[in-house]
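Encoded as structure tokens, the structure appears first; notes follow it.
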């Protein structure tokens, strides 16, 4: 029996307030309005950015359904939707691509003005929500909300992918892999023979390592305080692994000693202001490029010596790896299917959706790289 045009009741992980576990609830998911798509989520990854909302480092309205790295199948579409149809395999996009704003029209931009990353409204573009639970409206998360059996997204925030794609693997292209890999090949444009330093070896950081290797970097220094992550980093392309706890001097001084005048490219994939400054200071004084990928904590400010930039260094940010989402995601999935890169080493745990709290515990204890929840 078709569910198109009807409210769907399904299971979702609702976060009622910060610093509390998820609660598996029955929620009502309204039908898609014009230019919206309702998706049956089949696999979703657990990302550190979701945890930032739980801890309060990323401020969002509550109650909320988190999750933004996923893959699924279109259940129904609203009026005017032409890019996808029921039955299509898709990946929701937390960075939409409207094709009309200045960022979409620029060859240099990718952060579409239709995104809900900065405004943090927790609502669909029309200012309303499609989720209710126990009579209460539930907020969306950055236009995706994938910790639920069904979600609704705007047509600008969904990409059709290959019908043969394994969703429990390619869901990582919805955030972690694309964010890291793209920061190296798309944002920094790492050059062959260069030296790179990657601060933080979670799923995104390891994807940066993979991107640096693919770009032809000759030396990739992987940095983390958890030495258990070093074997995987080396497997994926790191040439050196450094634990800052093994040194009494600041990490940027260690890197300067290792490289002479600093690295060509550094990547901060943690989200701490002190490591952002350290990553900048570890770059070559004249032409080093440092890229921030880690989500900065709310309300924190950064202080640094402006001479670090005056001498010629470049400091830049990267959201979703600099990719234009609707254009890039189908191609990245196709590249994965053609074995141009691997995703399997990033996935350390596959859990049933109802074990979402266990998945977050693994993340916080540093025991997982990516946990994928399956429905």
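Residue 1 is the first one shown; counting continues down the chain.
Cβ coordinates are placed from backbone N, Cα and C, and glycine is handled just like the others.
For the NAD(+) site, Swiss-Prot records 200, 201, 202, 203, 204, 205, 224, 229, 293, 294, 295, and the single candidate of 130, 364, 370 listed with them is 370. Swiss-Prot lists 47, 175 as Zn(2+) 1-binding residues, and of the candidates 68, 154 the one it assigns to that same site is 68. Reported as a whole number, the C-alpha separation between residue 204 (NAD(+) binding site) and residue 104 (Zn(2+) 2 binding site) equals 24 Å. Ranking the binding-site residues 98, 112, 200, 224, 293 by the distance of their Cα atoms from the Cα of residue 175 (Zn(2+) 1 binding site) places 293 first. One way to see the shell of the Zn(2+) 1 site is to take the Cβ centroid of 47, 68, 175; the remaining same-chain residues with a Cβ within 8 Å of it are 45, 49, 50, 67, 69, 94, 144, 174, 176, 179.
With all protein chains in the displayed structure included, the most crowded Cβ environment within 10 Å among the binding-site residues 200, 202 is that of 200. Taken over all pairs of the listed NAD(+)-binding residues (200, 201, 202, 203, 204, 205, 224, 229, 293, 294, 295, 370), the Cα spread reaches a maximum of 20 Å, rounded to the nearest whole number. In this structure, the C-alpha atom of residue 112 (Zn(2+) 2 binding site) lies 17 angstrom from that of residue 293 (NAD(+) binding site). Same-chain residues that are not part of 98, 101, 104, 112 yet have a Cβ within 8 Å of the Cβ center of the Zn(2+) 2 site turn out to be 96, 97, 99, 100, 102, 103, 105, 113, 114, 156.
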